[in-house]
Amino acid sequence: MCTARTAEEIFVETIAVKTRILNDRVLLEAARAIGDRLIAGYRAGARVFMCGNGGSAADAQHFAAELTGHLIFDRPPLGAEALHANSSHLTAVANDYDYDTVFARALEGSARPGDTLFAISTSGNSMSVLRAAKTARELGVTVVAMTGESGGQLAEFADFLINVPSRDTGRIQESHIVFIHAISEHVEHALFAPRQ
């Protein structure tokens, strides 16, 4: 029988996951390197794309908003697009082809070498996200995979991997948001912070 966890138990679990991340130099270095990659890309005129399904789609859209809007201080927008946000494209491609190709087809029409794709999937095995990552690699687009502990099949296509050390979907998604904020803040400060 499955019993509901208390709020206290969930907070203990989320703190434990964040502590594992804090002690994982590889993950923390990956976040810094991803931020540096975005900074270099933006300086060269590149764009950033994100994709995911369900809660990961919400994370993708949140990330795009941090880049096109702002996180810490007012500044010019940065090019970023959550690929699921165009509902007409999504429903047309899903209807006329299949759902697994919705993100890949959007990339084929918009992405170019030097751009970056954030492929977000807690399992690392979402077929639509996998196809997007494969297409991105074929197009010369850098792939950042954001997954759970195993990395799933998505790890095979990743230039950079953020694999949160957990198998709990909620804890993975919470950690993805922390990484999204950390990367966004790093990029924003590097590109727009006033020089002292």
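Any Cβ shown, glycine's included, is placed from N, Cα and C.
Annotated features in Swiss-Prot:
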type: BINDING; residues: ASN53, GLY54, GLY55, GLU66, ASN95, ASP96, SER121, THR122, SER123, SER126, GLN173; note: substrate binding site
type: BINDING; residues: HIS62, GLU66, GLN173, HIS181; note: Zn(2+) binding site
type: DOMAIN; residues: 38-196; note: domain 'SIS'
Query raised in the report: Any idea what the Cα distance is from HIS181 (Zn(2+) binding site) over to ASN95 (substrate binding site), rounded to a whole Å?
Result: 34
Query raised in the report: Per-residue pLDDT averaged over the domain 'SIS' (38-196) comes to what?
Result: 97
Query - Cβ neighbour count (within 10 Å, all chains shown) around GLU66 (Zn(2+) binding site) - result: 21
Query raised in the report: SER121, SER123, GLN173: which of these binding-site residues has the sparsest Cβ neighbourhood within 10 Å?
Result: SER123
Query raised in the report: Between the binding-site residues ASN53, GLY55, ASN95, which lies closest to HIS62 (Zn(2+) binding site), Cα to Cα?
Result: GLY55
Report summary line: Across ASN53, ASN95, listed as binding-site residues, the smallest other-CB tally within 10 A is for ASN95
Requested in this report: Would you mind pulling the longest C-alpha to C-alpha span across ASN53, GLY54, GLY55, GLU66, ASN95, ASP96, SER121, THR122, SER123, SER126, GLN173, which the record has binding substrate, in angstrom?
Outcome: 32
Report summary line: ASN53 (substrate binding site) -> DSSP, reduced to three states, gives coil
Query raised in the report: Neighbourhood of the Zn(2+) site (HIS62, GLU66, GLN173, HIS181): other residues with Cβ within 8 Å of the Cβ centroid, in order?
Result: ASP59, PHE63, HIS176, ILE177, VAL178, ILE180, SER184
**Report entry** DSSP-derived class (H/G/I helix, E/B strand, else coil) of GLU66 (Zn(2+) binding site)
**Finding:** helix
Query raised in the report: Within 10 angstroms of the C-beta of GLY55 (substrate binding site), what count of other C-beta atoms is obtained when all protein chains are considered?
Result: 17
